[in-house]
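Notes to accompany the following structure.
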Amino acid sequence: MSTLQRPAAPTRRSPVSWVRRGGLSTLLFMLPLLVIFGVFSWKPIVEAVVMSLQKTNLVSPAAFVGLDNYVRVLSDPQLGQAVLNTVYFALLALLFGYPVPLVVAVLMSEVKRMRGLYSALAYLPVVVPPVVAVLLWKVFYNADPNGPFNTVLSWVGIPPQPWLQSAASAMPSLVLEATWAGAGGTIIIYLAALTAVNPDLYDAAEIDGAGIWKKVRHVTLPQLRPVLLITFILQIIGTAQVFLEPFLFTNGGPANSTTTVLLLIYRYAFQNSLGGNYGAATALSVLLAVFLAGFSLLYFRLTRSWSSE
Amino acid sequence: MTTTIDFPGAPLAPPGETTADGAPGGDPGLGRRAGRRPRRGGAGQASDRGIVSLADWRKPSIRRTTRAIHATLLVLLVVAGLGPLLWLLKASITPTQDTLRTPMAIFPNGVDWQNLVTAWTTIHIDVQFMNTVIVAAGAWAVQLIVATTGGFALSVLRPRYGRIVYGLVLATLFVPAVVLLVPLYLTILNPPLIGTSLLNTYWAVWLPAGASAFNVVLVKRFFDNLPGEIFEAARMDGAGSFRLFWSVVLPMSRPILGVVSVFAIIAAWKDYLWPMLVLTLPAIQPLSVRLPALQQTIELDVYLAALAISTVIPIALFVVFQRLFLRSAGLGGAIKG
């Protein structure tokens with residue numbers, strides 16, 4: 001694309017003056033974006049909504065079925081379980097993954113020497129390809145008493161855990177790995193925000209007699225609030241779409257205890273020997289998108305008053 | 001308001017929020033970090049002061065506590081960040097029985113270098129490795145072309161329809177990636193105009209990667225912050241749009257091209273679900289897609305060696321380009337203001 005010279009030939013669609021003023025070369029520069037976004041982003045988004053109202057499986061021609069797909073998806077007995085599992089994953093991820101990066105970042109921001117080493121170590125798990133991370137942790141989670149994690153637990157006298165093998169501990173195990181894999185990115189974002197805190201604010205707090213803890217509470221955390229609010233909602237949006245961990249660790253098991261909404265969408269579309277139920281899959285993904293959009297709107301409305309103080 | 005989440009470590013706030021958070025002007029310029037508190041350096045540099053003041057630092061008790069906390073933190077980071085990877089490295093050259101019986105022992109029965117050789121040659125991790133490089137290189141090229149030409153047209157050439165196009169690009173940020181999954185898959189099966197399925201070709205991964213609104217926003221905003229006088233001067237000297245793009249704008253854009261490149265290559269290296277759907281032949285699959293399938297069929301020690309090999313390149317890239325990585329990762333925060 002980039003080797004194309006500015007052509008001088010007028011086109012039928014447009015007057016010569018438009019080309020003279022560079023209209024055509026502008027359009028040429030815009031073309032890659034228009035084509036790629038058109039075909040691989042804008043068109044599929046529209047199609048998603050259309051398909052959710054159709055019965056399509058590539059075998060028979062598409063037919064409009066109104067809201068049938070939505071009815072089918074909402075009455076699927078698996079949906080309730082999948083929603084509960086996804087919410088459970090999101091809550092656990094908040095519990096594990098939200099405070100840890102914040103504490104680590106605040107502590108790290110005070111490190112004077114070898115800060116680069118700290119950041120690099122914290123970020124290292126993010127660089128590991130997620131698939132490799134999951135497969136590696138699957139080995140760690142070996143439920144045998146000789147499994148890596150169980151061996152470490154035995155050093156401190158804790159009996160072997162079933163990890164992925166039991167419905168009760170499977171989800172927390174998934175979240176633990178996801179937190180390990182993701183915390184580094186959040187830490188770096190917080191660190192960037194922390195270096196942007198105006199040091200005058202700390203000086204001012206000290207003049208008012210604030211100790212270290214008070215400075216953290218009344219200067220650092222309020223200054224981080226905008227970033228904290230955004231990472232919170234982004235984490236919710238991200239965890240609502242969790243797929244890799246439940247798919248590769250447990251494939252939804254044991255006893256459907258890790259079937260998430262995205263796993264359900266995947267199964268509708270791609271794990272059906274009779275041809276995918278694309279209508280149901282898109283209907284559920286549209287529902288998820290609408291829910292997330294609504295949730296985010298509500299969240300920003302509720303938090304606007306706090307963040308613009 | 002929702003955002004697609006396929007950008008590792010760098011979530012993007014809608015641009016409207018930038019100013020809403022109180023950052024004056026909402027200037028996310030890369031050259032001068034967020035333009036908000038220009039007195040500070042980048043995230044990696046030590047600041048002149050932080051929470052602990054010099055006066056605090058002079059007290060021995062505080063100094064000791066701080067040092068102890070930092071030492072503990074370093075140990076924890078080494079254990080959590082480096083530990084699993086060191087274990088993988090160790091396990092990749094340990095016989096299967098040792099890894100199964102005494103996973104935490106260090107080479108109880110010697111080292112087995114053969115694992116790495118077997119994984120590379122017999123299991124043909126070398127093929128998957130090259131495939132991964134091809135996937136990443138193509139996705140990188142497509143993303144760079146779309147983002148730079150599009151960003152240039154939107155920011156510098158500014159046609160009348162530019163605002164609409166940019167609005168539509170921004171709108172895609174609010175659509176979760178999962179909505180696109182099925183229709184995009186069907187687009188690959190039956191693409192417009194081409195008439196033949198793109199399934200099991202690399203185009204199926206390369207082309208959709210280009211539709212990254214995040215890249216376009218980053219590049220456009222960077223171009224917006226370039227000094228306009230230079231464009232005027234180049235125009236005066238008779239440079240056309242193409243000259244302006246190639247000889248003026250691109251050479252000035254190295255920092256942002258580096259950031260976009262890091263994002264593009266990492267994303268391509270990490271992606272799983274999409275390449276798994278569209279690259280179904282093992283011979284053309286990248287590592288991330290092939291590894292889960294290998295799990296059942298090969299012996300544990302060779303499998304762990306394959307995992308270790310798959311981790312080497314991203315880690316090596318990270319060690320070499322550490323600054324660029326961390327700056328890119330912090331950018332998500334900078335954009336949020």
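A Cβ is built for glycine as well, from the same backbone N, Cα and C atoms used for every other residue.
Nobody curates TrEMBL annotations by hand; they come from automatic prediction.
Under the heading transmembrane segment, TrEMBL lists A:21-42, A:87-108, A:120-140, A:178-197, A:224-244, A:278-300. According to TrEMBL, the feature domain 'ABC transmembrane type-1' maps to A:83-299.
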| remark: Other same-chain positions with a Cβ less than 8 Å from the transmembrane segment (A:120-140) and lying at least 6 residues past its termini are 104, 108, 147-149, 164, 177, 180-185, 187-188, 244-245, 248-249
| note | Per the Cβ filter (under 8 Å) with a sequence gap of at least 6 from its ends, the transmembrane segment (A:278-300) is approached by 48-49, 51-58, 65, 68-70, 72-74, 79, 233, 236-237, 240-241, 261-262, 264-266, 268-269
| query | When you scan the chain for residues with a C-beta under 8 Å from the transmembrane segment (A:178-197), skipping those not six or more beyond its ends, what do you find? | reply | 93, 96-97, 100-102, 104-106, 108-109, 119, 122-126, 128, 130, 133, 137, 219-220, 223-224, 227, 231, 235, 239, 242, 245
| said: Using Cβ atoms and a strict cutoff of less than 8 Å, what residues sit near the transmembrane segment (A:87-108) while being 6 or more residues removed from its termini? | reply: 115, 118-119, 122, 171-172, 174-176, 178-179, 182-184, 186-187, 190-191, 194, 216, 220, 224, 228, 231-232, 235-236, 239-240, 242, 246, 258, 260
